[in-house]
Amino acid sequence: MLPPYFLFKEMTDTQYIGRFAPSPSGELHFGSLIAALGSYLQARARHGRWLVRIEDIDPPREVPGAAETILRQLEHYGLHWDGDVLWQSQRHHAYREALAWLHEQGLSYYCTCTRARIQSIGGIYDGHCRVLHHGPDNAAVRIRQQHPVTQFTDQLRGIIHADEKLAREDFIIHRRDGLFAYNLAVVVDDHFQGVSEIVRGADLIEPTVRQISLYQLFGWKVPDYIHLPLALNPQGAKLSKQNHAPALPKGDPRPVLIAALQFLGQQAEAHWQDFSVEQILQSAVKNWRLTAVPESAIVNSTFSNASC
């Protein structure tokens, strides 16, 4: 049985569709720009569409005004998206329908296990509540993992093998506190938007096999994946909002754009510094080479908090 019409979307359009999907937990930093720029260039080089989605489904982590700031930052750096911005906070009806369908098909169940219990058995959930028939009160919802995905092909990195225990785990798709889990929301929305290739940071390699397993449960076509190198500070830690990576500069965006292109292994034209933002991006699209992108790189202290 296929998912209901609202969820099932026959993908007849063969146009390339990419996306950038930040969470509004703070302003964009250099690491964020790498993900945005890489996904933008891959989409434009394929003559495709580039969408922006704001993943605002976790209010406790959100910073007031951050979403609007992120959109202004993208525009300031010349990264103009196609169509309307999709806000996950306006998509709860879709996630509820997805949860209902999975429950009706016997593909999910309620779980009352605490984090403390799961940590006490090694951190990987053991399926304790699978046959206990709990109700929804004070419970999370877990996927009933039947056909775990243990590997996938990354268009940049080749075949990536997942940790077997992690791949087989019945992971959470609706949290005990009532919030929708990232893995469910991202799959439902990427399918809804017709995303054909997901270009994002390498820190999201781990959940990819879980997301692919959800695509398969819903009977949807799985998109291609590219995981870009992470921008690291001089200490080898990923640039992130958690380690206080500085926000993108508000001044002339061109030096930062050029640094981001060089980080992605792209060949700099002789007079890039004399180009406008639009000219830099046009040239970058024309000369984009995914095969030149490195696996990882360290950025200089201009873009990282060297004290972290």
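Cβ atoms here come from the backbone N, Cα and C positions, even for glycine.
Under DSSP, Glu55 (L-glutamate binding site) is assigned to coil, being neither helix nor strand in the three-state scheme. Positions annotated as L-glutamate binding site by Swiss-Prot: Arg19, Phe20, Ala21, Pro22, Ser23, Glu55, Tyr182, Arg200.
Counting only residues at least six positions away in the same chain, the Cβ atoms of Tyr125, His128, Cys129, His134, Ala139, Ala140, Val141, Arg142, Asp170, Ile172 sit under 8 Å from the Cβ of Cys111 (Zn(2+) binding site). Positions annotated as Zn(2+) binding site by Swiss-Prot: Cys111, Cys113, Tyr125, Cys129.
Per Swiss-Prot, ATP binding site is recorded for Lys241.
The predicted model assigns the motif ''HIGH' region' (22-32) a mean pLDDT of 94. What Swiss-Prot lists as motif ''HIGH' region' is 22-32.
The annotation motif ''KMSKS' region' is assigned in Swiss-Prot to 238-242.
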For the L-glutamate site built from Arg19, Phe20, Ala21, Pro22, Ser23, Glu55, Tyr182, Arg200, further residues of that chain with CB within 8 A of the site's CB center: Arg53, Ile54, Val186
Other residues, Cβ within 8 Å of Cys111, Cys113, Tyr125, Cys129 Cβ centroid (Zn(2+) site): Thr112, Ile118, Asp126, Gly127, His128, Arg130, Ala140, Arg142, Asp170
Rounded to the nearest Å - Cα separation of Ala21 (L-glutamate binding site) and Cys113 (Zn(2+) binding site): 31
Cβ packing number for Cys113 (Zn(2+) binding site), 10 Å threshold: 19
Distance from Cys113 (Zn(2+) binding site) back to Tyr182 (L-glutamate binding site), taken between C-alpha atoms, in Å: 19
Pairwise CA distance, Ser23 (L-glutamate binding site) versus Cys113 (Zn(2+) binding site), rounded so that it is a whole Å: 28
